[in-house]
Amino acid sequence: MALPLVAVVGRPNVGKSSLVNRLAGVRSAIVHDEPGITRDRLYQEVEWNGRRLRVVDTGGLVFGDDSEFLPHIRQQAMAAMAEAHAVIFVVDGREGLTPADKELADWLRRQPLPVVVAVNKCESGQLGLAQAAAFWELGLGEPIPCSAVHGNGVAELLEAVLPHLPEVAQEAADEPDPIAVAIVGRPNVGKSSLLNRLVGSERAIVSPIAGTTRDAVDTLVEWEGQSYRLIDTAGIRRKSRVEYGVEFFSINRAFKAIQRSDVVLLVIDALEGVTEQDQRLAGRIEEEGRACIIVVNKWDAVENKDTHTINEYTREIRERLYFIDWAPLLFVSALTGQRTHKIFAEVNTAVAAHRKRIATSVVNEVLQDALAWQSPPANRQGKQGKIYYGTQVAERPPTFLLFVNDPDLFKENYRRYLEKHFRQNLDFTGTPIRFRWRSKSERLVGRAVQKLEGSLASR
């Protein structure tokens, strides 16, 4: 059984995202003074007094206004309500009761869900009680004064919500974390459309206007018994085109989404090809050591395709993204669904490689084979590089420590050869791998190896 879900709703700019962040103990949704910053619904996990639940943050609800995005936001909020077991209705204690609050309360009363009213921005204890008293008029039970900024009243709010939620079996609460998949790319390459295709519903706002996803949006899905957390991110632009403000925070959030992911889907527009910004983004993924799949979207829109078209595209992409040549390529159409069914299988393969642990004996067999095929070149003084021993010291990404006579003797060409040999023999498709080089004399290497093996055995 999944964790119980609580939908957080309210009109724009009452502090819903700040409250969700306070409940979850993180700053995930973008918090800014501009109304309407949260456009999609964002999920966070909360733990309180031994109980675990999820909260879903929604965009600001406004009825009677069909301007750009508001119908989409209402649709997303209603979808969140359909999943939820209870609702936290957030109002602004400083501003007091408004006609928009009353309209929302009327709508909530017609929904088949219990509602708890959270009167946010009540920083003072006594004053907060007075501010909250005005909201009894909504007829939704006792209003709970709280402050998302300072944290007061949050415990009381959770205590008011918990009785409305089903108990969850411990084994369900202890399920392993889902695979985190960040969907990144430039604005308007089809990231949200791809997410919706993978989820099977219109989950993120899809619009031809670049930049319509402002937050890193998490969606939990399951495929063949495996859970995934899909993270749709704001499109990443060049710094010179980014104004300080919400878009700045969105791009920063997208980079953080890469950091908290297991694997990244780098979405490229088939019609535009690989741009400089795609290269920079790919570099960021490699730098962070994340598994990656290159997803070439809008393949249906490429005209005059023949049997050579994919090969030509592949060659160009490999040339321009040579530093992540280990990432598999998928040519898809989020619009028609072409080849999107292959994405989860590729994700599983990449994650398995990213988490792979190779026995020390196997590492050294591969090393000896590599040395037999091609010895390290000697320097001008005739001194030749020697590799005494190797072992894997880390995963995510796989990292190997090599004991050598002098790291400076191993130039970039030979290091690339060694990585290629490891990939050919150990199958690291979809993940970067790292080599660390340590200088050791032949006399000392035996002792260092024994010490390293002991530390690895104790893990």
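From the backbone N, Cα and C atoms, a Cβ is placed for every residue, glycine too.
Annotated in Swiss-Prot:
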type: DOMAIN; residues: 4-169; note: domain 'EngA-type G 1'
type: BINDING; residues: 10-17, 57-61, 120-123; note: GTP 1 binding site
type: DOMAIN; residues: 179-355; note: domain 'EngA-type G 2'
type: BINDING; residues: 185-192, 232-236, 297-300; note: GTP 2 binding site
type: DOMAIN; residues: 356-441; note: domain 'KH-like'
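Structure coloured by features recorded in Swiss-Prot.
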| residue | record | DSSP (3 states) |
| --- | --- | --- |
| G10 | GTP 1 binding site | coil |
| K16 | GTP 1 binding site | helix |
| T58 | GTP 1 binding site | coil |
| C122 | GTP 1 binding site | coil |
| G185 | GTP 2 binding site | strand |
| T233 | GTP 2 binding site | coil |
| W299 | GTP 2 binding site | helix |
Candidate nearest G10 (GTP 1 binding site) in space, where candidates are the binding-site residues G185, N188, K191, T233, W299 and distance is Cα-Cα: T233
Candidate binding-site residues G185, K191, T233, W299, pick with smallest Cα gap to L61 (GTP 1 binding site): T233
CB contacts for K16 (GTP 1 binding site) [other CB atoms within 10 A, all chains]: 30
Integer Å distance between the CA atoms belonging to N13 (GTP 1 binding site) and T233 (GTP 2 binding site): 21
Between N188 (GTP 2 binding site) and T58 (GTP 1 binding site), the C-alpha gap once rounded to whole angstrom: 22
Among N13, N188, T233, the most crowded of the binding-site residues [Cβ within 10 Å]: T233
Secondary structure content, the domain 'KH-like' (356-441) (per DSSP, counts of residues): 32 helix, 22 strand, 32 coil
Protein Cβ atoms within 10 Å of K191 (GTP 2 binding site), excluding its own: 29
Spatial separation of W299 (GTP 2 binding site) from K16 (GTP 1 binding site) - C-alpha basis, Å: 39
Around the Cβ of G10 (GTP 1 binding site), the count of other Cβ atoms that are within 10 Å: 26
Which of L61, C122, all binding-site residues, has a Cβ with the fewest other Cβ atoms inside 10 Å: L61
G185 (GTP 2 binding site) and T58 (GTP 1 binding site), Cα-Cα, nearest whole angstrom: 23
Which same-chain residues, if any, lie at least 6 apart from W299 (GTP 2 binding site) yet have Cβ under 8 Å of it: A270, F331, V332, S333, Q338, R339
C122 (GTP 1 binding site) to K191 (GTP 2 binding site) - Cα separation in whole Å: 38
Packing count at T58 (GTP 1 binding site) (other Cβ atoms within 10 Å of its Cβ): 27
In three-state DSSP terms, the structure that K191 (GTP 2 binding site) belongs to: helix
